[in-house]
Amino acid sequence: QSLTQPVTPDLLVSPSSQDGDLGSECPEDRGNWTGRLDFLLSCIGYCVGLGNVWRFPYRAYTNGGGAFLVPYFIMLAICGIPIFFMELSLGQFSSLGPLAVWKISPLFKGVGMGTILIVSLVAIYYNMIIAYVLFYLFASLTSDLPWQHCGNWWNTELCLDHHVIKAGNNSLPVNISNTVSPSEEYWSRYVLHIQGSSGIGDPGRIRWNLCLCLLLSWTIVYLCILKGVKSSGKVVYFTATFPYLILVMLLIRGVTLEGAWKGIQFYLTPQFDHLLSSKVWIEAALQIFYSLGVGFGGLLTFASYNTFHQNIYRDTFIVTLGNAITSILAGFAIFSVLGYMSQELGVPVNQVAKAGPGLAFVVYPQAMTMLPLSPFWSFLFFFMLLTLGLDSQFAFMETIVTAVTDEFPYYLRPKKASFSAVICIALFLMGLILTTEGGMYWLVLLDDYSAGFGLMVVVITTCLVVTRVYGMKRFCRDIHMMLGFKPGPYFRACWMVLSPATMMALLVYNIVKYQPSEYGNYRFPTWAEVLGILMGVLSCLMIPMGMVVAVLQEEGTLWERVQQASRPAMDWGPSLEENRTGMYVASLAGSQSPKPLMVHMRKYGGITSYENTAIQVDREMEEDDEEESM
């Protein structure tokens, strides 16, 4: 009976006989951004994170002050902007997450698996940092900050209160080299209670107050990503913009303090002799690499929820340059306060300047105690860190959830909220070791190894696959079809040569200059080092493992299998039928028309500027084929 009924190819069906709304630009079941600014603010929130506040200012001052901005902006142009644009283009063109996007070349699907492993490890410890921020946020809700004075049960005889120094009017020079500030003892002896652990192999007891903070931070993250980009896209209107308001307040307060200029001078005085050192250029490239979040899959995931013709070219420059300016601005806010603090303590700025958690949880809180209304400024500072951290965490979680649901859309998409809950609970349980007395050692290990050389291998491979295996011409055609213009020689030169070469140099430098992890005076044992290296290697091993699986699924000789597996899958291309113009029309299921583009235009009415582009792309392809045959 079914044979007697004629089957109309999908492309020849008239629009009126289709159930779906053809006007919609995004796959309905997958979800998409609901507002015009959702995508842009999510990208800004994702890129502008804790690193802008606690890594960039310190990196700048240790690598030549104002002179550091020269390699920083050069590396942004060579490494940052091109790879950022490539990731957005891949996501928007295919509307797929970081795993399914490898339909572009199924042989390299392992790259997507490596990305997910890296992001999962980072999400575990990044949320622990947010938990510390929440701890300090609650501790600031008092009239007297708990890290203001010595004399608490957690303080030792080495504790020296700066208020006592000031009261003594500095008549005698105070030797502070063998003393510890109250804020440092509060952080290590009260918050972490690190004296209860002898090292990474002896985690000690769980700190229940930290455990509850971690549970709260996971609850906040889950509630914000509950409905995917529909809910997180609205939360970022607050979390991506509010830090700027606080940063400006801290900046104004900072530069009006006595001695602030001393700190700013220290931060910005250019030392051009540093530019001759390769270390400075590597540091600049690393700062760009981690600050923009390339390779983590977050950019690709966010772009996959865009409409097909969204102008990501413009968005790339807004986000990357905005991120750089925020880093520089944060440096002024931090160093103006450090200058004031060094004047108060009567020590040089370089003795109070620190990076990473040491700046956020020791030095800056100590500086807050020297200000009038100290709890208010402390609350503001930690609230800024909370909002900076949260939207980066949303991106990590959205990446994991999107990647897996795109792989199993029929099973998981209807249950996305439940699946997100399962992922959050699993990562919370894995992160419990970070809430123990020795948890800081595990956090340092994860921070040093989870996204080190593994992440660089992932980005280098992605760059090479897109330009060499898929083909630069083809990739530029896809962008032409999507945006209406081809990327210029600057982008092509960076994708082909400059970006992969710079990252190879980074990778080699990281391996050659490898240093074992340490926390303060504690050196990690060999087994912990090996565990860390395995974390990095495992994400790299995903690539050959994925290759083996892809080759086994094909038929023919080994070389034929490799060739077949490296070609794009049949359904690779724009996810929506109305966007599949040019060469992609013929690959649609049910497309039997000899003139697929003409049918496509009859179905969707008229020739738009993008369809004009598609005709152009088709002509170019025919000319290329003729050239090759000649």
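Placed from the backbone N, Cα and C atoms, the Cβ positions cover glycine too.
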Cysteine paired with Cys150, where TrEMBL records a disulfide bond, from Cys159, Cys211: Cys159
Stretch carrying transmembrane segment according to TrEMBL (options 208-228, 376-396): 376-396
Check: same-chain CB within 8 A of Na(+) site center, minus Gly45, Val48, Asn52, Ser291, Asn323, Leu388, Asp391, Ser392: Ile44, Tyr46, Cys47, Gly49, Leu50, Gly51, Ala240, Pro243, Thr326
In contact by Cβ distance (the transmembrane segment (111-138), the transmembrane segment (532-552); 3 or more pairs under 8 Å): yes
Cβ neighbours of Leu388 (Na(+) binding site) where a neighbour is any other Cβ within 10 Å: 27
Residue pair Leu388 (Na(+) binding site), Cys150 (disulfide bond) - Cα distance, angstrom, rounded: 31
Two-stretch contact, the transmembrane segment (376-396) and the transmembrane segment (69-90), at least three Cβ pairs under 8 Å: no
Cα-to-Cα gap, Gly45 (Na(+) binding site) vs Cys159 (disulfide bond), nearest whole Å: 38
Cβ packing number for Cys159 (disulfide bond), 10 Å threshold: 19
Close approaches to the transmembrane segment (111-138) from elsewhere in its chain (Cβ under 8 angstroms; 6 or more beyond its ends): 50, 98-102, 191, 209-210, 213-214, 216-218, 221, 295-298, 357, 360-361, 365, 378-379, 382-383, 385-386, 389-390, 392-393, 396-397, 399-400, 403-404, 427-428, 430-431, 434-435, 439, 442-443, 446-447, 450-451, 454-455, 457-458, 461-462, 465, 535, 538-540, 542-543, 545-546
